[in-house]
Structures are given as C-alpha cells and as structure tokens.
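Q: Here it is, the structure, as structure tokens.
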Amino acid sequence: MLLMAVDIGNTNVVIGFIDDGRIAGTYRITTKANHTSDEYGLMITQFLALSGYKPADVDDVIISSVVPKVMHSFRASIVKFLDIDPMIVGPGIKTGLNIRMDNPQNMGADCIADCAGAYYEYGGPILVADFGTATTFNYVTADASVISGLITTGIRTAAAALWEGTAQLPEVEITRPKSILAKSTKPAMQAGLYYNFLGGIERTIAQFHKEIDEDFRVVATGGLSRVFADGTNMIDIYDPDLIFKGMWHIYDRNVR
C-alpha cells in the first residue's frame, strides 16, 4: 500500500512516499502561494518517478497543512493528477490523541501529526520538539493526552531578522560552530545564534522537567533538529521523519 503524505509548512512543502509503513522517499520544495495546481502536479509526478513509482501506484494521500491557500492548490493537483481526494489532518479526523488544550481545534495539523508519530513510535510520556519556521514543544502523556503546547520563534526566523534588520551583517548558514571563541563576523553570528538558541532549548526542556512530576523522553524533529540534537544530552531521540510516521498512523486509524 503506497501512501503519499504531504506536510505543507510556512517555509517548505515536504512530500513523503510511505510504502507499507516504510518511508521510501522524501522531497522538499519551497512553499509558494502562487504555484498552480498543475505546477504541483508536475512536481508530484517527478518525485514519484525519482522514487521508482508511477502516479497509478499511489493508493491514497494524506495532507497536513498550516497554509490554507497552498493546501487548496495542492489538493486540486492531487485530485487532477492522481484522481484521489486526499485525507486532511484536521477536525473530524481520528488521531487516538486526547488534546486537552483550551482550544483544541486551534492546534496545528503539523503538531498533531508530530504528537501522533511520537506517541505511536516511542510511547509516552514524551516531549515533542519541532524545529521549523516556528519552534514548538508539545507534551504527550502515557495515556495519549496532549496537555501542553509551546510556540516560539524558529532559528531561521530569528537569524533572518538579524541579517535583514542590519546594514552590514551577512546571511550565514545555521550550523554548529567549532568554538564559541569566534574571531570574525560570520563565525561570531553562527556561534551567537547556535548557543543562544541551544540555551533556550535546554532551558525549556528543564522547565518541563521542573513542572511535570514524571520522567519523560524528548524527541526532536524538523528542519534543523539534527544540528541541535547533536549538541545536547537533553534530547533523547532524533527523528527527521516523525511527521510522516504520525500521518501514517493517523491514516491507518481512519481507514481500518
């Protein structure tokens, strides 16, 4: 059974092909609101070919989106090119999670899929950290209850404000520096961004430990998760495909 999973985020659209639970290929493109459904359809066809599949091989599609305009174009492309009406992660979809928030309907589809992936792959209690355009932390208990969500600025968003808001600071790659003892502008920016953000991550995790009276693991996912997971012993699991695993489990719960 071949499931195409689509994660539409503010910065990137990531497409994953899941073959009987195995992630067979993932592809990342820039999120652009002005892409037409035909453009998305051509991309889907190309990505399928790169993974060794044809459009007719796709049995179903599931979409997680936080960008409604792009989601509508993508959905239209899937209907046209694959002749499939995709499942959308949102209200009415069974996840197996109990979202114990003040406004559960406002929880992002990406966060829901992340939490499902973390819980069904690794069990609870678990803290899910997603390093995307925004950085989110969501806590899932042993009985699959999502009891807390934290949202803050993503590292790329913060970094862009640094070089876009100053006249002479250049754009730099977000990477783990060799040393905090920087001796020129670019290394100084890289070290400053990295250690400032890493410190915020560790302080946030520490506060969860302080306020929650149980042991839990921390799983990191998202575009820059590897950079920070390698720099701290407070992150237990690195899983770049967590959202796709979550969408696979959500899909399975709704069709079986």
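Keep in mind that glycine also has a Cβ here, set from the backbone N, Cα and C atoms.
From Swiss-Prot, here are the annotated features:
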- Asp7, Ile8, Gly9, Asn10, Thr11, Asn12, Val13, Val14, Thr133: ATP binding site (BINDING)
- Gly108, Ala109, Asp110, Cys111, Thr185: substrate binding site (BINDING)
- Asp110: active site, proton acceptor (ACT_SITE)
- Asp130: K(+) binding site (BINDING)
Q: Excluding Asp7, Ile8, Gly9, Asn10, Thr11, Asn12, Val13, Val14, Thr133, which residues of the same chain place their Cβ within 8 Å of the centroid of the Cβ atoms of the recorded ATP site?
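A: Everything else in range on the chain: Thr31, Val66, Val67, Gly132.
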Q: Nearest to the residue listed as 'K(+) binding site' in three-dimensional space, by Cα, is which of the binding-site residues Asp7, Thr11, Cys111, Thr185?
A: Cys111
Q: Asp110 (substrate binding site): which of the binding-site residues Asp7, Gly9, Thr11, Val13 have a C-alpha within 10 angstroms of it?
A: Asp7, Gly9
Q: Restricting to the same chain and to sequence separations of six or more, state which residues have a Cβ under 8 Å from that of Val13 (ATP binding site).
A: Val6, Asp7, Arg28, Ile29, Thr30, Thr31, Val70, Phe74
Q: Sort out for me which one of Gly9, Gly108 has the most neighbouring CB atoms within 10 A, since those are the binding-site residues we care about.
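A: Per the Cβ count within 10 Å, the most buried is Gly9.
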Q: With every protein chain in view, what's the tally of Cβ atoms within 10 Å of the Cβ of Thr11 (ATP binding site), excluding that atom itself?
A: 16
Q: Mind checking which of Thr133, Thr185 has the fewest other CB atoms within 10 A of its CB? They're the binding-site residues.
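A: Among the binding-site residues Thr133, Thr185, the lowest count of other Cβ atoms within 10 Å belongs to Thr185.
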